[in-house]
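Comments concern the structure below.
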Amino acid sequence: MRSKAKGLVRPLITKPVQPLSSHMHLFLLCILFLSALFLTLSEAVCNLQDRESLIWFSGNVSSSVSPLNWNLSIDCCSWEGITCDDSSDSHVTVISLPSRGLSGTLASSVQNIHRLSRLDLSYNRLSGPLPPGFFSTLDQLMILNLSYNSFNGELPLEQAFGNESNRFFSIQTLDLSSNLLEGEILRSSVYLQGTINLISFNVSNNSFTGPIPSFMCRSSPQLSKLDFSYNDFSGHISQELGRCLRLTVLQAGFNNLSGVIPSEIYNLSELEQLFLPANQLTGKIDNNITRLRKLTSLALYSNHLEGEIPMDIGNLSSLRSLQLHINNINGTVPLSLANCTKLVKLNLRVNQLGGGLTELEFSQLQSLKVLDLGNNSFTGALPDKIFSCKSLTAIRFAGNKLTGEISPQVLELESLSFMGLSDNKLTNITGALSILQGCRKLSTLILAKNFYDETVPSKEDFLSPDGFPKLRIFGVGACRLRGEIPAWLINLNKVEVMDLSMNRFVGSIPGWLGTLPDLFYLDLSDNLLTGELPKELFQLRALMSQKITENNYLELPIFLNPNNVTTNQQYNKLYSFPPTIYIRRNNLTGSIPVEVGQLKVLHILELLGNNLSGSIPDELSNLTNLERLDLSNNNLSGSIPWSLTNLNFLSYFNVANNSLEGPIPSEGQFDTFPKANFEGNPLLCGGVLLTSCKPTRAKENDELNRTFLMGIAIGYFLSFVSILVVRAW
């Protein structure tokens, strides 16, 4: 019997694979389809109603800047600016499309997106009224920002009836600022009565009227910010605002509010910013205001407040900005103000404050950058302690009664950029300029109405090579300074605005003034200047082509009254100054150079009150930006160029008291100029003078010459025709 061999392995026998039946094929296909369907359903797909609402919204807006490229073939939760929640039906919760250049209207379909919690359409061009029921239907909305658009009309705030006043809304931040909205914000609003979670409410820069809606402090106890500024709100500030105990910001400036500031405001212990300027508020500043220990900014300027600055103002140790200017505040500056060591800006301009300033410890105000005490009645010398405020960039003491000289200690203010000391009783202009030229960052220097009857230093080497390296505005007007226009001014190669008016400068206008590369505003009026207008003056580069510059803002506004109008003109930016040449009331002779036509940027040209002769140059018509042209009280002759009617921006034109003749142009702006602006020219006619223009002998001769020449031409023509006819025969 044979035994089995050890290790013998049985061969593996495999059966052939049977093909799947048709039923099995169908089963597997169903499995694959269901799997794919499951995977598809598991991905976020936005709610169908929300999708349709978004499509409707997009159809109402357009943008050439950044159009909405919403691809309808993909899920709307993936569209730009759209966010959905994690629920199974993926509701839209956020629409965020700020600064997209969107124009059009806000579609009411947005109200159908019921779970919307944030809507931001700020900084666009949307217009029209807000849809009816807009606020109350979006009861899940927490953040609404429609600021910086052009929405108009009244707010669609439904009034409460029956139990509707018990509705509550989720809104926390509501910003409708910088639109064209109007009407009153009523206490009976269903929506505003139910905003129990509201933290920030901003309706600034609109046209709302009626009383400030202070009732919101009762319905919205969480309020932290209220901004009603730049509207037409009127009436008194309500005591109810004292209920907003969590308020940190209260802004209601630039309205028509009246009455006193209610004492309840001083219970707002969390308040950091109190902004109530440019109203009609009266009364005194209550000393209880010093209880607002967290206050960082207090702005009550441009009201009718009176009395003294609270003596305990120094208790506001967190104060960074104190602006009480343009009121009727009197007394002295409290010494405790030196305890406001965080103060950065102090503006008490245009009040009735007085006394000396030497006792105030300015040395404690090391953060102070801007100090404006102008237009008060402060006396004595410019306090040396000010020069220990090392951070100062701008100082104004204009319109006071300060005496003495400028101290060399001013050089310790290494960041000083703006100095306005006009209309005081300062002396020694030579010493002042010798010192101040060392202020390396000084860009604005206004010393007008000081140094009476002194002689200005004139030599070119008076100014060191690095003196006034950044000076852009220089004013010494109305000082009655003697001498010639100083030669050292040629070294002010950064100067853009120069006022030398109302002095006693003699001699001719130096041609080198026309070489100052950035000069675009020059006032030489009311001096004793003689000679002719230099041609070089009309080659000022900054008046020939527009210059684009940075650092346009001034640290403090500048006030000018060049035409003796009732109010000063305020300039907050350097390039708010109109490109100007004033050379009024001097003793200039000769003609107006034709080179004047090169100054195409010029807005104002006034040469009145001189002895200029010759004709009005036709080249003036090249000054297409010209707004004022005054050539009155000279000896100009000839006619008024008709080409001046092409000056479309010309709003003032005066040629009275010259020797002009002929018709006054009757096109363009010339029909709007008053009769008085042409009087004193006996031979002028027509236009607003309503006198007929008789043809002059020269014109009659011209007509005869034209007739004679026309006759000769016709004779030649007829002779030529006769010759042709004869030849044809």
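Backbone N, Cα and C atoms are what each Cβ position is placed from, and that goes for glycine too.
Keep in mind the model is a prediction, meaning the values are calculated, not measured.
Annotated features in Swiss-Prot:
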CARBOHYD  Asn60  N-linked glycosylation site
CARBOHYD  Asn71  N-linked glycosylation site
CARBOHYD  Asn145  N-linked glycosylation site
CARBOHYD  Asn205  N-linked glycosylation site
CARBOHYD  Asn315  N-linked glycosylation site
CARBOHYD  Asn330  N-linked glycosylation site
CARBOHYD  Asn375  N-linked glycosylation site
CARBOHYD  Asn587  N-linked glycosylation site
CARBOHYD  Asn611  N-linked glycosylation site
CARBOHYD  Asn622  N-linked glycosylation site
CARBOHYD  Asn657  N-linked glycosylation site
CARBOHYD  Asn705  N-linked glycosylation site
REPEAT    89-113  repeat 'LRR 1'
REPEAT    139-163  repeat 'LRR 3'
REPEAT    195-219  repeat 'LRR 5'
REPEAT    293-316  repeat 'LRR 9'
REPEAT    342-364  repeat 'LRR 11'
REPEAT    414-437  repeat 'LRR 14'
REPEAT    439-464  repeat 'LRR 15'
REPEAT    516-540  repeat 'LRR 18'
REPEAT    542-560  repeat 'LRR 19'
REPEAT    561-584  repeat 'LRR 20'
REPEAT    599-623  repeat 'LRR 21'
REPEAT    624-647  repeat 'LRR 22'
SIGNAL    1-44  signal peptide
TOPO_DOM  45-707  topological domain 'Extracellular'
TRANSMEM  708-728  transmembrane segment
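Shown on the structure are the features that Swiss-Prot records.
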residue: Asn71; record: N-linked glycosylation site; Cβ neighbours (10 Å): 10
residue: Asn145; record: N-linked glycosylation site; Cβ neighbours (10 Å): 19
residue: Asn205; record: N-linked glycosylation site; Cβ neighbours (10 Å): 18
residue: Asn315; record: N-linked glycosylation site; Cβ neighbours (10 Å): 19
residue: Asn330; record: N-linked glycosylation site; Cβ neighbours (10 Å): 15
residue: Asn375; record: N-linked glycosylation site; Cβ neighbours (10 Å): 21
residue: Asn587; record: N-linked glycosylation site; Cβ neighbours (10 Å): 13
residue: Asn611; record: N-linked glycosylation site; Cβ neighbours (10 Å): 13
residue: Asn622; record: N-linked glycosylation site; Cβ neighbours (10 Å): 18
residue: Asn657; record: N-linked glycosylation site; Cβ neighbours (10 Å): 18
Problem set entry | Sequence-remote partners of the repeat 'LRR 18' (516-540) [C-beta within less than 8 Å, at least six residues beyond its ends] | 472, 477, 485, 489-490, 492-510, 547, 562, 577-593, 595-596, 598-599, 601, 606-607, 612
For this session: State the Cα to Cα distance, in Å, between Asn587 (N-linked glycosylation site) and Asn611 (N-linked glycosylation site), rounded to an integer.
Result: 6
For this session: Give the distance between the Cα atoms of Asn145 (N-linked glycosylation site) and Asn205 (N-linked glycosylation site), rounded to the nearest whole Å.
Result: 14
For this session: Sort the glycosylation sites Asn60, Asn205, Asn330, Asn622, Asn657 by C-alpha distance from Asn315 (N-linked glycosylation site) and give me just the closest.
Result: Asn330
Problem set entry | Cβ neighbours within the same chain of Asn60 (N-linked glycosylation site) - under 8 Å, at least six residues apart | Gly104, Thr105, Leu106, Ala107
Problem set entry | Contact set, same chain, for the repeat 'LRR 11' (342-364): CB under 8 Å, 6 or more residues outside the stretch | 296, 301, 309, 317-333, 335, 370-381, 383-386, 388-389, 396
Exercise. C-alpha of Asn622 (N-linked glycosylation site) to C-alpha of Asn657 (N-linked glycosylation site): distance in Å?
Worked result: 25
Exercise. So of all those glycosylation sites, Asn71, Asn205, Asn375, Asn657, which one's Cα sits nearest to Asn330 (N-linked glycosylation site)?
Worked result: Asn375
Exercise. Given the model, what does the mean pLDDT over the repeat 'LRR 21' (599-623) come out as?
Worked result: 98
Seminar exercise, completed: Same-chain residues at least 6 beyond the ends of the repeat 'LRR 21' (599-623) with CB under 8 Å of its CB atoms are 520, 525, 533, 538, 540, 542-546, 578-593, 629-641, 643-644, 646-647, 649, 654-655, 660
Seminar exercise, completed: Rounded Cα distance, in Å, between Asn375 (N-linked glycosylation site) and Asn657 (N-linked glycosylation site) is 38
Exercise. Rounded to the nearest angstrom, how far is the Cα of Asn205 (N-linked glycosylation site) from the Cα of Asn71 (N-linked glycosylation site)?
Worked result: 36
Seminar exercise, completed: Rounded to a whole number of Å, the separation of the Cα atoms of Asn611 (N-linked glycosylation site) and Asn205 (N-linked glycosylation site) comes to 51
Exercise. Could you state the CA-to-CA distance between Asn205 (N-linked glycosylation site) and Asn657 (N-linked glycosylation site) to the nearest Å?
Worked result: 48
